[in-house]
Amino acid sequence: GTAMAAVRDVEIDPEGTFKYILVRLQRPGGEEQRDIVRGTKAAEFHNHIFEKVNPEMEKLGYECKCLGGGKIEHNNKDKKIRVFGLSTGYGKADHSVTVEILKKVYADYEITWSDDKK
């Protein structure tokens, strides 16, 4: 799975509070799968993020499934990330899974999550 390894675990804005989604990538008919985190202030709605990720991943030969969403508060000055909230359309992502993925990339950060709406 070299191509799958080339897909970055996390692509989020460097600062601020924004919507995010947890996306499962899978090879059609294959066992290989992994979850990635995508979030940006540019997205007014969660589906805007998915609509951008999905075609990119399809080109690489993956099926995408959105596992839910929420919000990320990224404070790069204090090296803190907070994961919270939910997506109206996709439901709430498992924030604990999101945190584990974020930890791979932001190893020196304090990363927390809650089911708070705000």
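The first residue you see is number 1, and the count goes up from there.
Backbone N, Cα and C atoms are what each Cβ position is placed from, and that goes for glycine too.
Per TrEMBL, substrate binding site is recorded for Lys19. Positions annotated as active site, proton acceptor by TrEMBL: His46.
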Rounded to the nearest Å, what's the C-alpha distance separating His46 (active site, proton acceptor) and Lys19 (substrate binding site)? Just drop the number here, would you?
6
Residues that sit under 8 angstroms from Lys19 (substrate binding site) by C-beta distance, when 6+ apart in the chain:
Gly39, Thr40, Ala43, Phe45, His46, Ile49, Gly69, Gly70, Lys71, Ile72, Ser87
Row the residue listed as 'active site, proton acceptor', column other C-beta within 10 angstroms, all chains, value 25
